[in-house]
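For reference, Swiss-Prot has these:
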ACT_SITE  Cys115  active site, proton donor
BINDING   Lys22, Asn23  phosphoenolpyruvate binding site
BINDING   Arg91, Arg120, Pro121, Val122, Asp123, Leu124, Lys160, Val161, Ser162, Val163, Asp305, Val327  UDP-N-acetyl-alpha-D-glucosamine binding site
MOD_RES   Cys115  2-(S-cysteinyl)pyruvic acid O-phosphothioketal
Amino acid sequence: MDKFRVQGPTKLQGEVTISGAKNAALPILFAALLAEEPVEIQNVPKLKDVDTSMKLLSQLGAKVERNGSVHIDARDVNVFCAPYELVKTMRASIWALGPLVARFGQGQVSLPGGCSIGARPVDLHISGLEQLGATIKLEEGYVKASVEGRLKGAHIVMDKVSVGATVTIMCAATLAEGTTIIENAAREPEIVDTANFLVTLGAKISGQGTDRITIEGVERLGGGVYRVLPDRIETGTFLVAAAISRGKIICRNAQPDTLDAVLAKLRDAGADIETGDDWISLDMHGKRPKAVNVRTAPHPAFPTDMQAQFTLLNLVAEGTGFITETVFENRFMHVPELSRMGAHAEIESNTVICHGVEKLSGAQVMATDLRASASLVLAGCIAEGTTIVDRIYHIDRGYERIEDKLRALGANIERVKGE
């Protein structure tokens, strides 16, 4: 397994170009299964999960090519089962189910894998599809969905806000007969992006970005060209990198209006922030950040995917900060690893109390999930001495060339090939 070796401390400064959003690219790739004409998807990040999704679409019979953009032609899809071999590494594969059953009347997906953070059950996906008229069976580790004729529009009230299930229901409803209303829908920018992609193909969707999405079913979806929105979590991660190293950064190809909650907390921490249409700049003027209190919740509140990075910020900030995680359980696995580097923190149920220290020291640490591992790499950039971050395959699932981008900002980081 590959590792990162990071020498610190360094001040991170310069410019970084933000990649397309993984959390929009994945649902959009699977939504392309609904199209009866070729689609071109631009600004798709080069990531492990994206490669796995493309491989899965190919196995289903779609023609998939990548030459800058990703081209998908799903006209000849003739396999309706997403096998365990591919699904086990990535829970996003569940998003194949809605498009398959909506367009072909059948689909099966192995129960998914992915990051090990808390219970992320597929029951909300299943109940949504059942309400649209699909018959669902769980057999031999597979979710099997089928319908006679077309799915039927329905008024669906989500038990809890779920990005994944909102995507599944919205995609399936585009080809259903009649109108579907999703109440308590997720409002994330990536949901809006997926909806806008479907509209480009001819879907009739309104209300995306609010908690009530309306989909009027159409008979077929055509082709089109679509550009994936910038990755707000990657943007936030690099902004935190500059903040904790007392540096200065400009993020290009960013979308500031998707990051309001994060930018507000960075300003509270003492950062000087400016924004334009597609850029964000942050300048700490050489100052140490101030501790902030953060509570994660569904969008537009503070994103859970930025929690680990802000935990790190608080651990090297002036003062004491409280971080409360309300979205996923079991999401403080980075805290004991950061403690090995000299951080002072206590975990009390779903809150971590961070007591800022002047400096961290390099250590050997282990990545546990995608965002936690990014925070360990950033910790290595500002710690004194050498930090080895193990199991970095987690990072490769969600960050495109993170070491190259950090190096361009002045980090001393190298990838060490594993046995």
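Every residue gets a Cβ built from N, Cα and C, even glycine.
Annotated features taken from Swiss-Prot, shown on the structure.
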| residue | record | Cβ contacts under 8 Å, 6 or more apart |
| --- | --- | --- |
| Lys22 | phosphoenolpyruvate binding site | Pro45, Leu47, Asp49, Val50, Asp231, Arg397, Gly398 |
| Asn23 | phosphoenolpyruvate binding site | Val163, Glu188, Glu190, Asp231, Ile233 |
| Pro121 | UDP-N-acetyl-alpha-D-glucosamine binding site | none |
| Asp123 | UDP-N-acetyl-alpha-D-glucosamine binding site | none |
| Lys160 | UDP-N-acetyl-alpha-D-glucosamine binding site | Leu124, Asn184 |
| Ser162 | UDP-N-acetyl-alpha-D-glucosamine binding site | Leu124, Ala186 |
| Asp305 | UDP-N-acetyl-alpha-D-glucosamine binding site | Ile233, Arg371 |
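In the three-state DSSP scheme, Asp123 (UDP-N-acetyl-alpha-D-glucosamine binding site) falls into the helix class. Neighbour count (other Cβ atoms within 10 Å of the Cβ, all protein chains): 18 for Arg91 (UDP-N-acetyl-alpha-D-glucosamine binding site).
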